[in-house]
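First the structure, in the form of structure tokens, and then the observations on it.
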């Protein structure tokens with residue numbers, strides 16, 4: 001049985017991470033949250049007051065405090081910068097609203113993409129992000145591109161924030177998601193777009209379990225054929 005690589009891309013709050021985690025657990029695969037890596041770099045920039053021209057300082061800080069993932073007692077994923085648990089810190093609104101400019105820096109993308117490729121080398125991995133199928137793993141055996149309406153994605157993010165105890169306003173989130181979509185799809189380095197061979201799936205009004213079933217069936221078919 002071949003261990004394949006699954007790339008799940010899509011805009012903010014399209015359900016990538018939720019779906020990827022479930023499928024990884026079902027298949028016994030490793031899940032890599034690439035968004036958390038860019039959020040960690042953004043957290044470093046904000047905490048130190050760094051700007052675009054300080055990219056080398058961000059990279060130095062990442063080298064001193066490497067990003068790592070650990071499992072909590074309940075099975076959830078924890079994100080660390082060095083020995084600091086930043087799992088909740090990188091989900092705060094200030095990080096969310098600044099991650100686009102940090103992730104658009106070519107030097108940051110190059111460093112994190114190299115890290116992601118090293119992790120994926122052995123297969124049996126699911127990665128979600130914005131350029132997994134186009135840049136990070138262009139030869140992934142299965143590529144999925146999830147989309148959903150801005151309204152639905154704002155509702156998902158609102159619910160997520162409330163559950164995590166993060167202050168949220170629906171209309172503000174809606175405007176922020178629309179702005180993030182524009183930034184992500186118009187940046188010069190690795191813009192958000194579906195790979196030519198990706199399966200595009202609109203998750204608007206679709207349950208998480210239905211999305212999981214759709215992708216997992218595709219994955220199992222490829223695994224069985226290998």
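Along the chain as shown, the residues are counted starting at 1.
Even glycines carry a Cβ here, placed using N, Cα and C.
Quantities reported herein were computed from a predicted structural model and do not represent experimental measurements.
In this view, residue 14 (ATP binding site) is surrounded by 27 other Cβ atoms within 10 Å of its Cβ, with every protein chain counted. Positions annotated as ATP binding site by Swiss-Prot: 10, 11, 12, 13, 14, 15, 16, 17, 18.
Taking the binding-site residues 16, 18 in turn, the residue surrounded by the fewest other Cβ atoms inside 10 Å of its Cβ turns out to be 18.
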